[in-house]
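Structure first, commentary second.
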Amino acid sequence: MQWLTLSLVGLFASFLSISILISIPMCVAVEPPDDGKLRVCVVESRGIYRKTPKFCPLLEAKSNIECVIGVDRLDCVRRIHKGTAHFGVLTSEDLVAARWASVEILVASELRSHQSHFEYEIVAVVDNQADIHTVHDLRGAKLCHPGYGLGNHWTEDRISSTARYFGPSCKAGPWVPDPKQDRILKSRYPSLCELCYDPVNCDQNDKHWGRRGALYCLTSGGGNVAYARLDDVRSHFGLSGIAAQANPSEYSYLCPDGHLQPINVTKPCVWVAKPWPVVAARRTHAAQIQRLVTGLNHDEPDSWQSALLSLLETYHVFTVPLDNVISIDDYLDQATAFQSAYSFPECNPPRSIVFCTTSIIQHIKCSWLQEASQVYGVQPNIQCVRTMDVQQCLDDTKFKAADVVLVDQEMRVKAQRDYNLVPLLYEFATDMHDRYVTIALVHKDAKFQSFNDLRGARACLPSYEGAAHLSVQETIVNATGKVHSLHSFFHRDSCLWHPDKGRKCPLHYQGDEGALRCLSEGADVAFLSSDVYNKYVGGNLTANWLAKGNHKDFRVLCPYGGIEKRSNFKYCYLHWTTRGHLMTHNSSLTRHHEIYNSLRDMDQLFGRKYKSETRPFTLFGIFDKRNNVLFRDTTDGLLGLQELHRDNAKRVMEHIYDRYTNTQYYKNFDESGASQFSYNYWILIFCFFITLQRQFS
C-alpha cells in the first residue's frame with residue numbers, strides 16, 4: 001500500500017515522479033521445441049519451508065506439467081518470454097514491468113484470498129469539520145500518512161514539497177535508510193511529525209504509524225485527512241462487525257471528482273485499486289492454462305490438481321478465471337487509477353543515478369534492476385550505461401558521466417587516489433571467507449613466531465596496492481613502530497609486484513592462489529585471502545602444482561595474537577575489507593545522500609531482507625543462470641561505513657585506504673628504508689603538545 005499512498009499524496013503536492021524507463025536489452029524470444037509438456041515457473045516463498053521438493057515430483061508424475069524453478073518473479077517473466085516456461089504467478093507490479101519490457105504475456109486467472117474484485121482499494125477520509133470539499137482544499141490540511149517502513153524512501157524534494165503543501169502532519173517511521181540523515185531531515189521538517197503521538201521520536205513505535213495508525217491520527221489525533229485501505233476504514237468505523245473506534249457520521253470520503261460521500265455508503269469512491277496476483281501465460285498457451293487452473297482445489301491431497309494449486313498459491317486460496325484471457329494493459333485498466341499511478345511527469349530537471357557496467361550481461365541485469373526499481377517507486381532511479389572495462393567506468397565516474405562504479409579490493413586504491421572517487425556503500429558478507437581477509441601463511445615447520453621474525457623473509461603478495469599489500473604495510477608499522485618499505489623489510493627475492501623495482505616474478509605467482517603457489521615453491525611467507533587457504537585446507541583447490549592429498553603443509557602466523565573470539569572466525573588475520581566497493585564522484589552531500597538512499601532502497605526491496613512473500617528480483621544471486629553478475633552472489637547487503645565499523649570483526653581497512661591514498665606516506669622512504677615520515681611525525685606531535693602545555697599553563 002505504501003507506494004499507492006505516496007502516489008496520492010504526491011499528486012496533491014506535485015512532487016511524485018516516475019522517470020522514463022529506457023528499454024531493456026532483451027534478445028528476441030526463440031520458441032523452444034514443443035515436447036507437449038507444460039512448464040510452470042515456481043518461485044519459493046520466504047522462510048525455510050520449500051514446496052517444490054514436495055509438490056513438483058507429484059505434479060510431474062501425475063500430469064504433463066513440469067516445474068521450472070525461478071530465482072525470482074522477474075526471472076519467471078524472462079523465462080515465459082523465452083518459452084522455457086509457459087505460465088506462472090505474477091503480481092500487478094510484475095505485470096507493469098513485463099509491459100514496459102515489451103514481454104507478451106496474457107492474464108488468465110486471478111489468485112484471490114477473498115471475494116472482492118481487488119486485493120485492496122485506497123480511499124481518502126476527511127473530517128467533516130475540516131471544511132475540505134475538493135482536492136484544492138487539501139492545501140494546508142493536516143495529513144495523516146501511514147508511514148510504514150522503507151518500501152519507498154522519500155527524497156528530500158518529496159519531503160520538502162509535502163511539508164510546504166500540507167499543514168502540521170504525521171508521517172511516522174523512517175523516511176530514509178540512514179538513521180543519522182533521517183534524524184536531520186525530521187529536525188529540518190518538524191511539521192511532518194507535529195501531529196504524531198510522539199513528535200520527538202516520530203518512529204515506527206508511534207500510535208499514529210501504520211495502516212490503522214493513520215486513522216487514529218485522523219479520528220483522535222487532530223488530523224484533517226488520511227489515506228487508508230477501504231477495509232481498514234470499514235473496520236475502524238464499525239462497518240465490518242467489530243466495535244467502532246469513531247463516529248462514522250463525523251467523517252466522509254473525499255472523491256477524486258471533488259465531492260464527498262458518507263462513510264456508510266455502499267460503494268465508496270476509490271482513488272487507487274490494487275489488482276490481485278494472477279496466473280499469467282504465453283499467448284500461445286494462455287487459453288489452455290486458463291482451463292487448466294480453473295476449479296483447482298485441495299479436495300484430493302494426492303492429486304496433481306492439489307499439487308499445482310499448492311505451487312501456485314501463497315496466502316491466496318482460490319483461483320478466479322477471467323471471462324477471457326486478456327492483455328496486461330486490459331487487465332490493469334480494470335483497477336481504478338492503477339496504471340495512471342505510473343504515469344506522472346518526472347521531476348524537472350530529471351535526475352537519475354548512472355550506474356556503469358562493463359559487460360552485456362551486467363547491463364541486462366542492471367536494466368532489469370532499473371525496471372524493478374521503477375515499478376516499486378525508487379527515486380531517483382538508476383540508469384544503466386555500458387563501457388568496455390572498469391578503467392573507462394572509473395574515468396566516466398570521475399568526470400560525472402556516470403555516478404556509480406563497483407570496484408574490487410584490487411582497484412580500490414586506483415579509484416580513490418587516481419580518480420578522486422569516494423566509497424559510498426560496501427558489498428558486505430556475514431561470512432568472513434566471503435570478505436577479503438588477509439592472513440599470513442608460513443611453512444608448518446618454520447621458526448617464525450611473530451611478525452617481527454619475518455624481517456628478511458622471502459614474501460609473496462597477490463598484487464601491488466591490493467588489500468593484502470596495504471594490510472601487510474600497516475602490520476609492519478604496528479609491529480615495528482616504524483614505517484618500512486616492503487622491499488627493505490622483506491628479502492630482495494620477494495614477489496611484491498612493484499611496477500618499478502624489485503624482482504620480476506612469474507605471472508603464475510599473481511593473485512591469491514598464485515601467492516600460495518609462490519609459498520609452496522620456495523618462499524617463506526605468503527599473504528593472501530583466507531578463502532583461498534580455506535579451500536586449500538578443505539581439499540577444494542585442485543591446481544596441478546599442488547601436492548596431492550597433502551593439505552597441511554602450512555600454518556597461519558598470528559601478527560596480533562591468537563584467534564579473536566568475538567570475530568567468530570577460525571583464523572587469526574591481519575585486516576579485512578569487503579569484496580566490492582561502490583564508488584562515486586566527489587559531489588554535494590545532498591547528491592551523495594540521494595544515491596546512497598536509492599541504492600539502499602534497492603537492497604531493502606531486492607536483497608536478502610526483501611519483505612514480499614516471494615522475491616520480486618534478485619540483487620545478490622544467480623541471474624540468467626550466471627553467477628556474480630553486477631554484484632557477488634555471496635553479498636548479504638549494501639552497508640555504509642558506520643555499519644561496517646559496528647561489525648564484531650576487528651581491523652576493517654577503511655582508515656588504511658584513506659591514509660594510503662591521501663598521504664601516501666608509505667612511499668616516502670629514506671635510504672635506510674625507514675620512513676622519514678616517522679621522525680617528522682613525532683617531531684610534529686611533540687611540538688603540538690608543547691603548544692598545548694603553554695596554553696593551559
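Residue numbers in this text run from 1 along the chain shown.
Note that Cβ sites are derived from N, Cα and C of the backbone, with glycine treated the same way.
According to TrEMBL, the signal peptide annotation covers 1-29.
The feature domain 'Transferrin-like' is assigned by TrEMBL to 38-343 (among others).
In sequence order, VAL68, ILE69, GLY70, ASP75, CYS76, ARG79, ILE80, ALA85, PHE87, GLY88 make up the list of same-chain residues 6 or more apart from CYS41 (disulfide bond) whose Cβ falls under 8 Å from its Cβ. Annotation comment: TrEMBL describes CYS41-CYS76 (among others) as disulfide bond.
The Cβ of TYR436 (Fe(3+) binding site) lies under 8 Å from the Cβ of GLN409, ALA467, SER529, TRP576, THR577, THR578, ARG579, each of which sits 6+ residues away along the same chain. Feature annotation from TrEMBL assigns Fe(3+) binding site to TYR120, ASP408, TYR436.
Look at TrEMBL and you will find CYS144-CYS217 (among others) tagged as disulfide bond. Take the CB of CYS144 (disulfide bond) and look out to 10 A: across all protein chains shown you find 31 other CB atoms.
Per TrEMBL, the feature disulfide bond maps to CYS255-CYS269 (among others).
Summarising the annotation, TrEMBL assigns domain 'Transferrin-like' to 353-657 (among others).
Per TrEMBL, disulfide bond is recorded for CYS356-CYS393 (among others). Spatially close to CYS356 (disulfide bond) yet at least six residues away along the chain are VAL385, ARG386, THR387, CYS393, ASP396, THR397, ALA402, VAL404, VAL405, judged by Cβ distances under 8 angstroms.
Residues or ranges marked as disulfide bond by TrEMBL: CYS366-CYS384 (among others).
If you draw a 10 Å sphere around the CB of CYS518 (disulfide bond), it holds 25 other CB atoms from the protein chains shown. The disulfide bond annotation in TrEMBL covers CYS460-CYS518 (among others).
Cβ neighbours of ALA468 (hydrogencarbonate binding site) (same chain, under 8 Å, six or more residues apart in sequence): THR438, LEU461, PRO462, ASP512, ALA515, PHE527, LEU528, SER529. Annotated hydrogencarbonate binding site per TrEMBL: ALA468, in sequence order.
As annotated by TrEMBL, disulfide bond applies to CYS558-CYS572 (among others). The Cβ of CYS558 (disulfide bond) lies under 8 Å from the Cβ of CYS572, each on the same chain and at least six residues away in sequence.
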Query raised in the report: Between CYS217 (disulfide bond) and ASP408 (Fe(3+) binding site), how far is it from one CA atom to the other, in Å?
Result: 48
Query raised in the report: What's the CA-CA gap between CYS460 (disulfide bond) and CYS384 (disulfide bond) in angstrom, rounded?
Result: 39
Report summary line: Ordered by sequence, the long-range same-chain Cβ contacts of CYS255 (disulfide bond) under 8 Å (at least 6 apart) are ALA124, GLN261, CYS269
Query raised in the report: Cα of CYS518 (disulfide bond) to Cα of ASP408 (Fe(3+) binding site): how many Å, rounded?
Result: 23
Report summary line: CA pair TYR120 (Fe(3+) binding site) / CYS144 (disulfide bond), Å rounded to integer, equals 19
